[in-house]
Amino acid sequence: MAARKAAKKLTDRIPRPKKKVTWPQARAFSVHLLTASGSFLAFLSLVAASEERWTAMFWWLGLALFVDGIDGPIARKLEVKEILPTWSGELLDNIIDYVTYVLIPAFALYQRGFMGEGLSFLSAAIIVVSSAIYYADTGMKTKENFFKGFPVVWNMVVFTLFVIEPGQWVSFAVVVVAGILTFVPINFIHPVRVVRLRPFNLTMTLLWCAFGALALAQAALAAFYDQIGVLGAQVSTFIKIGITITGLYLACIGGIMQFFPNLGAKKA
């Protein structure tokens, strides 16, 4: 009898779930799992980079970029933040973004070494340090959802450098300028969340992605014969021009809209 009472007291101390997991909670948590899948894509990309399989690396980064582009709208649609207030989707997103947008591109730039060992090492240092500081800035977004300063999309920058191959000093200058612009109050576009010129900005973003996919497809065909190749040498001039023009547009349109605040605004 005493043993039963002791066992009952012990079971009473064990915390029990107050309620079952509801369908909205399970659905909301699945969005966090979608975001978290980017970490595995980052791992696959890192493996490819360590083996100097640049085409595969950028395919994995591109897939991670796609996941990053859809998880936010889905989370807002399903009201994930309100349903699971103790789970921070924003923190999870930032952790994965730092790896896929910053750390792996910096490693690839250093590993590729087309700027020479010294400049590649210095460029990687500029990328990872400036980006870490940027992610700590809680005021990185404006009221219109522009990014304030270069939004550390080093995956796009490094991809462009791999494809265009402008030379070591031009490449280094691009890294330095982008690193400085991280801390300059110039607006950069968020193609989805900025309302002004959104259809056109989305079109240019999709065009950049399309040119990027074509570049990787061309490189993949060439890599069928040589798995470890130079990405830029395998891409046609037309695609290089397309990536350059659309990339420059996305880099500059935010600043242009900042200085022309009525550009793209709906008339009252």
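Each residue, glycine too, has its Cβ placed from N, Cα and C.
So that you can see what the record holds, here are the features copied from Swiss-Prot:
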- 1-27: topological domain 'Cytoplasmic' (TOPO_DOM)
- 28-48: transmembrane segment (TRANSMEM)
- 49-53: topological domain 'Periplasmic' (TOPO_DOM)
- 54-74: transmembrane segment (TRANSMEM)
- 75-88: topological domain 'Cytoplasmic' (TOPO_DOM)
- 89-109: transmembrane segment (TRANSMEM)
- 113-133: transmembrane segment (TRANSMEM)
- 134-145: topological domain 'Cytoplasmic' (TOPO_DOM)
- 146-166: transmembrane segment (TRANSMEM)
- 169-189: transmembrane segment (TRANSMEM)
- 190-203: topological domain 'Cytoplasmic' (TOPO_DOM)
- 204-224: transmembrane segment (TRANSMEM)
- 225-240: topological domain 'Periplasmic' (TOPO_DOM)
- 241-261: transmembrane segment (TRANSMEM)
- 262-268: topological domain 'Cytoplasmic' (TOPO_DOM)
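Counting same-chain residues at least six beyond the ends of the transmembrane segment (241-261), those with a Cβ under 8 angstroms from any Cβ of the stretch are 146-147, 156, 160, 163-164, 186-189, 191, 194, 196-197, 201, 204-205, 207-208, 211-212, 215.
If one looks beyond the transmembrane segment (113-133) by at least 6 residues along the same chain, the residues whose Cβ comes under 8 Å of a Cβ in the stretch are 98, 101-103, 105-107, 152, 154, 165, 168, 171-172, 175-176, 179, 182-183. Listed as Cβ neighbours of the transmembrane segment (204-224) (distance under 8 Å, sequence separation of 6 or more from its ends, same chain) are residues 53-55, 58-59, 62, 156, 159, 163, 191, 231, 234-236, 239-240, 242-243, 246-247, 249-250, 253.
Across the topological domain 'Periplasmic' (49-53), mean pLDDT in this model comes to 92. Between the transmembrane segment (146-166) and the stretches 28-48, 54-74, 89-109, it is 89-109 that has the most C-beta pairs under 8 angstroms.
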